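**Q** This is the structure, below, for whatever I ask next.
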Amino acid sequence: MAEQYVAAVDQGTNSTRCILFDRRGRLVSVAQREHKQHFPRPGWVEHDATEIWRNVTRVVPAAIRQIGALPTQIVAIGITNQRETSLLWDRRTGRPIGHAVTWQDTRTDRLITELAGDEGPDRFADLCGLPLTTYFSAPRLRWMLDETPGLRERAERGEVLFGTMETWLIWNFTGGPDGGLHVTDVTNASRTMLMNIETLEWDDHLLAAFDVPRSVLPEIRPSSGVFATATAVLPGVRIGAALGDQQAALFGQTCFSPGEAKCTYGTGSFLLLNTGKEIVRSTHGMLTTVAYQIGSQPAAYALEGSMAVTGSLVQWFRDGLGLIHTAAEIETLARTVDDNGGAYIVPAFSGLFAPHWRSEARGVIAGLTSYITKGHLARAVLEATGFQTLEVVNAMNADSGIALTALKVDGGMTANNLLMQFLADLLDVPVVRPMVTETVSLGAAYAAGLAVGYWPDLEGLRSNWHRAGQWLPNMDPTRRAAEYANWQAAVQRTFGWIRPGQ
Amino acid sequence: MLRLLASAPNGLGVADLGNALGLAKATVHGILKTLHQVGFVEQDHSGAHYHLSDAFGRLGDTYLDPNELRSRAINWADSLAARSGEVVRVGRLVEGKVVVVHHVFRPDDSDQDLDVGTTLPPHACSLGKAVLAFDTSGGAKPRKLEAFTTRTIVDPARLADELASVRAKGWAAEFEEHTVELAGIAAPIRGLGGLVVGAVGLTGRIERICDSRLRHRTDLVTMVRATAEAIGRDLREDR
C-alpha cells in the first residue's frame, strides 16, 4: 500500500503553507505562498481573505505534487492559523466583507479604553482569561460591526458570518456558500474574549458587553476531532483538527503533561505552559488560554506569555537600519564582539506585551556610548529576545509555582546558535530543540492524525519526539544577575513615553 | 551590459539594453536570465526593469553567510537525521579546514554535544571530500595530509584520484578515515550558479552506514544527495 500522510495547513501571518508528515512525524514536503500585507493607515494591518484561500488551493496540491503522491494518500487535514485575526463574510455569496483585520492591528486602541472604563482592562479576565487589549478578536469584531453601515442589521438577520482564519478555511474546504460548515475550535475561540473559559461556550455576558450578535458566531468544537469531510481542494479527505498556531506548537512539542512548556521564536515569541485541567489565573501578566481539547475529553489549559517583538526586531535591524542583508547574518555580526558592550535594546515598538502589558511604552536603546559598534547592537538585538523570555519565565514560575527545568524551543530563530546559548545561560536551564522545528504544522498534523486514528494515542506521538540539539547553561551567576538588572533598568525607561493628549 | 546597468540607477529594460548594445532582444534576454540566476542583477516589482544587485559589489566577500546556510539547511538536515537515524552535519571550507555550520543529534535521545563551530580535517572526512572536490582556490588543499587512522588518505596523488571520483559520483564516502568504526556519506550543496557552498552529510557506525559487503548503503546515499539538492534548491530559488 502506498505511504499515507497527514497534511497540515498553516495559515500564518505572512504566508500560507502546506506541510506533509509521515507516520513517524517526519516532514516530507513543504509548499508555501506569501500573501500581501495591507497597511491602509498607521497601525492598521489587514489581509485579503480571498487571496489567502486562493493560496490554500495552491499550496496543498503543490505539497502533494512535490513528492509525486496522490491526493488519496492524504488521510487527514489539520489546520492551524494566525490567531485573533478577524473576518466577516457574506453567508450567501461567500465574499469577505472588507479585509481581515489582523492581530497586530491597533485600530481598536480607543475602543479598548472605552470598554475598560473605570473597571480597567481586567474587567473580563474572570470570564475569558484575557485582558482587554487590541490583540484579541472581540474588540475588532465590534469595530467592524460599528464602522460598516448596515452591517449590524445584516448580522442580526444571520446574513453575515464571523470567523478567525481556521473558520474561514474550514467553511471554504466544505463548500463555502454551498453548505460550508461554520465552526471554530476551543483554542481559537479562547482568543476572542467571547468564550467563557470554564464552560467553553460563547458567554452571554461577554456577547452583551461587546455588543456582538450570537448569530454571527461559529459553533465551537474540540481542537482534535473530525470536523467534516472536505469537498474542495482535497475532496473526500477528513478535516481532523484546528488549533491556533501557538497551541499547535505546544501540541507538536508533545507538551501533554502539566508543567511542560515550549517557546516558539518567530516574528513575536510565545511561551506556553501546560497547566492540565486546571485554569490558572495569572497575577503576573500571563494569559489564561485553552491548550487543546481532544474529542469529548476535558480541555487542557495553558498559561501563555506573549512577546510582541522578537524576530521582528531582527527584521527591523535588517530592513529599517540596513546593517545586515539577511536575518541570519545578525549572528555573524554579533559574533564580531564578545558582549553587548553595555548596550540594551528594549523593543517596545507598540507597547510591551507580557508580563508588563504597557501600551504607552515605546522602545529604547539604553547604555549607548561611543564604544558601541554595530556588532554590540546586533548582540543587544538578540539578547532582547533572551531577556524578554526570562521575564516571562519568571512570571510563569511565580504564577504556576513550578520552576521550569528545561525549555523546549522551536521556530525560525532556533537556527540562531548564539541566541540559543544566551537563552540557556540566562534561564540557567537546558534549552532543547526538537528534530522537527516546524512544530506548529506538526501539532496540527498530530491533532488531525489522532482524530482519524492515523496515530493511536498521545504516547505514540511522544515517542516521535527527538532531541535535535541542546544548549547547556554556562554563565557566571553574578554576571547573569548584573545583566538582568541592567535590562530591567532599561525596561523602566520605556514606560510612560506616550503621554495623554499626544 | 553590466556597465550599462551599473550606470542606470532606475534600471533598464530589455529594449533599452538591446538598443544600446546593438543586440537582438532574445540575446539580451538570455544574458539577463543568466545574470539573474547567479544573483548579479535583480528585477524590479513590475519585472520590466533590471538593475545591478548589491551582491555584485560584494563579489570578493564570502558568497554565503555561514549562519544563512544553517538557517536554509535546518529543516532538511532535521529531516535527514530523522529518516536516517544518524548524526547529520553541514560543513563548509574555511582556510583549509571544514567548519561545522550545523549539527543535528542522532535521534535516539542519547547525550550528545553540539559541535557547531568545531573543525574537521577535509581530507579525512566525507564532508571535507565533498567540498574539496569542487574547490578551485587551491589554497584549501592541505599541504601535509595528517593520518588519523591507518585508513586516512595521506598520499596526495591518491587524494586527487579520490576527489576525481567524488566529482564523477556526485557524493563522497568516508570509511574509518577519521575515526575507527565510523563511516560517513556527504554530498555537495550547490548555491547560485552551481557554486559549491558547503556539504551535508551523515556519520554513524559502519554496520549502520554500510551493507554486509561494506559498501555504503544506496538508500542512505540517495537520501543525502536529495537533502543536498533540496538545500541547494532553497538557496537558488531565493533570488
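Yeah, the Cβs are placed from backbone N, Cα and C, and that goes for glycine too.
As listed in TrEMBL for this protein:
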type	residues	note
BINDING	A:T13, A:R17, A:T267, A:G311, A:G412, A:N416	ADP binding site
BINDING	A:T13, A:R83, A:E84, A:Y135, A:D245	sn-glycerol 3-phosphate binding site
BINDING	A:T13, A:S15, A:T267, A:G311, A:Q315, A:G412	ATP binding site
BINDING	A:R83, A:E84, A:Y135, A:D245, A:Q246	glycerol binding site
DOMAIN	A:5-252	domain 'Carbohydrate kinase FGGY N-terminal'
DOMAIN	A:261-451	domain 'Carbohydrate kinase FGGY C-terminal'
**Q** Do the binding-site residues A:T13, A:R17, A:Y135, A:D245, A:Q246 include any whose Cβ comes within less than 8 Å of a Cβ in chain B, and which?
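**A** Sorted by position along the sequence, the hits amount to none.
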**Q** Reduce the DSSP letter at A:R17 (ADP binding site) to three states and note it down.
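**A** SS state of A:R17 (ADP binding site) = strand.
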**Q** Mind telling me which of the binding-site residues A:S15, A:T267, A:N416 has the densest Cβ neighbourhood, counting other Cβ atoms within 10 Å?
**A** A:N416
**Q** How many Å lie between the Cα of A:N416 (ADP binding site) and the Cα of A:Q246 (glycerol binding site)?
**A** 20
**Q** Select the closest residue to A:T267 (ADP binding site) from the following binding-site residues, measuring between CA atoms: A:S15, A:Y135, A:D245, A:Q246, A:Q315.
**A** A:Q315
**Q** Can you give the mean pLDDT for the domain 'Carbohydrate kinase FGGY C-terminal' (A:261-451), rounded to a whole number?
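**A** That stretch averages a pLDDT of 92.
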**Q** Which has the fewest other CB atoms in a 10 Å radius around its CB: A:T13, A:Q246, A:Q315, the listed binding-site residues?
**A** A:Q315
**Q** What binding-site residues in the list A:S15, A:R17, A:Q246, A:G311, A:G412 lie within 10 angstroms of A:R83 (sn-glycerol 3-phosphate binding site), counting C-alpha atoms?
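**A** Within 10 Å of A:R83 (sn-glycerol 3-phosphate binding site): A:Q246.
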**Q** When you tally the Cβ atoms that lie within 10 Å of each candidate's Cβ, which of the binding-site residues (A:E84, A:D245) has the highest tally?
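**A** Sorting the candidates by Cβ neighbours within 10 Å, the top entry is A:D245.
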**Q** Max CA to CA distance in Å over the glycerol-binding set A:R83, A:E84, A:Y135, A:D245, A:Q246?
**A** 15
**Q** Which of the binding-site residues A:Y135, A:D245, A:Q246, A:G412 has its Cα nearest to the Cα of A:Q315 (ATP binding site)?
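**A** Looking at Cα distances from A:Q315 (ATP binding site), the smallest one goes to A:G412.
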**Q** Write down the Cα-Cα distance for A:S15 (ATP binding site) and A:G412 (ADP binding site), rounded and given in Å.
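**A** Rounded to a whole number, the Cα-Cα distance is 14 Å.
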**Q** Give me the CA-CA distance between A:S15 (ATP binding site) and A:Q246 (glycerol binding site), in Å, as a whole number.
**A** 16
**Q** Of the binding-site residues A:T13, A:R17, A:G311, which one has its Cα closest to the Cα of A:D245 (sn-glycerol 3-phosphate binding site)?
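**A** Nearest in space to A:D245 (sn-glycerol 3-phosphate binding site), counting only the binding-site residues, is A:T13.
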**Q** Across all the protein chains here, work out how many other Cβ atoms are within 10 Å of the Cβ of A:Y135 (sn-glycerol 3-phosphate binding site).
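**A** That number is 24.
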